[in-house]
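Copied over from Swiss-Prot, here are the features:
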- 1-24: signal peptide (SIGNAL)
- CYS35-CYS115: disulfide bond (DISULFID)
- ARG62: site 'Transition state stabilizer' (SITE)
- HIS66: active site, proton acceptor (ACT_SITE)
- ASP67, VAL70, GLY72, ASP74, SER76: Ca(2+) 1 binding site (BINDING)
- CYS68-CYS73: disulfide bond (DISULFID)
- ASN81: N-linked glycosylation site (CARBOHYD)
- CYS121-CYS325: disulfide bond (DISULFID)
- PRO163: substrate binding site (BINDING)
- THR195, ASP246, THR249, ASP254: Ca(2+) 2 binding site (BINDING)
- CYS201-CYS233: disulfide bond (DISULFID)
- ASN210: N-linked glycosylation site (CARBOHYD)
- ASN238: N-linked glycosylation site (CARBOHYD)
Amino acid sequence: MHSSSSLIKLGFLLLLLNVSLSHAQLSPSFYDKTCPQVFDIATNTIKTALRSDPRIAASILRLHFHDCFVNGCDASILLDNTTSFRTEKDAFGNARSARGFDVIDTMKAAVEKACPKTVSCADLLAIAAQKSVVLAGGPSWKVPSGRRDSLRGFMDLANDNLPGPSSTLQVLKDKFRNVGLDRPSDLVALSGGHTFGKNQCQFIMDRLYNFSNSGKPDPTLDKSYLSTLRKQCPRNGNLSVLVDFDLRTPTIFDNKYYVNLKENKGLIQSDQELFSSPDASDTIPLVRAYADGQGKFFDAFVEAMIRMGNLSPSTGKQGEIRLNCRVVNSKPKIMDVVDTNDFASSI
């Protein structure tokens, strides 16, 4: 009995050690020796993309956010459809709005040329998000790396987990808490990613014309801002027209998003909820603090980004390092494998 009990305790301790080591493998210095070029490659790729697409930085940050909220930061959002699973690209929160996949493809091809079979797509997306923020004038931070890529996508989970533009504050809190982001500062700081980028008219039409099926606009919307938005998104107009999240500094990563919320000029309902909802007693002080001090916002954003980046990472021998971010690696037949390096380089 004693021996059996000891073995059970030993097994439990080994399990805890394995979990601890798995998380410990995420490190800002993970690629210092194996692929230090990855950071410059990411920066240069985004710089090139920005010349023709000023909103690409915001789009890449959003991709990383939507990746991490579904099964952790595992690059599952980058996978295309297969016969085995539906892609997350088809989920409600991504279809016809998630973008930047081609930029990640270009980045990955350059990284594979410089450091073959070394940098995961999950890490690359996290690094690209950080570089996007920096290039838009936001804060810098060291990205903990060492993630592995998932072997499948999770469309149904994406539909369940991703916040929507019309989410109430309580729904937002629940969705953040469900993935492990349980601090009010996580929600408020990460929502600040809407300080740059654009949104489609289709996601704000109810706010402008028929809020909660009332036949009237959202009463929390500033009247002058409502008039501006109605000109950009007229009733029966083109629902794909793009509107800036932040009219003040639409391409700059700053704290104006929170200034807008204080003035009831949040573009989508889920943003304005942080300041105007009856449930906002724990988020209003943070909105005020970030509006009054950009440094406070930047510090909180960096902390929240690192916390989000640490959500359920696949590390060690879990998952794989994809050679193409859109598809899982081909598995060789045992009889065909003579030199694994030759095989891998031919995929």
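Keep in mind that glycine also has a Cβ here, set from the backbone N, Cα and C atoms.
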Query raised in the report: If you count the C-beta atoms lying within 10 Å of each candidate's C-beta, which of the binding-site residues ASP67, ASP74, ASP246, ASP254 ends up with the smallest number?
Result: ASP254
Report task. Taking only the Cα atoms, work out how far ASP246 (Ca(2+) 2 binding site) lies from CYS201 (disulfide bond), in Å, as a whole number. Result -> 14
Query raised in the report: What are the non-local neighbours of ASN210 (N-linked glycosylation site), defined as same-chain residues 6+ apart in sequence with CB under 8 A from its CB?
Result: LYS216
Requested in this report: Just name the winner among SER76, ASN81, ASN238 (the recorded positions) by count of other CB atoms within 10 A of its CB.
Outcome: SER76
Report summary line: Closest by Cα to CYS35 (disulfide bond), out of the recorded positions HIS66, ASP67, GLY72, ASP74, SER76, is ASP74
Query raised in the report: Quick one: which residues besides ASP67, VAL70, GLY72, ASP74, SER76 have a Cβ within 8 Å of the Ca(2+) 1 site's Cβ centroid, in sequence order?
Result: CYS68, PHE69, ASN71, CYS73, ALA75, ILE77, GLU88, ALA122, SER150, PHE154, SER312
Query raised in the report: Within the chain of CYS201 (disulfide bond), which residues six or more apart in sequence place their C-beta under 8 angstroms from its C-beta?
Result: GLN232, CYS233, GLY237, ASN238, LEU239, SER240, VAL241, LEU242, VAL243
Query - Chain-mates of THR195, ASP246, THR249, ASP254 with C-beta within 8 Å of site centroid, Ca(2+) 2 - result: PHE196, PHE245, ARG248, PRO250, ILE252, PHE253, ASN255, LYS256, TYR257
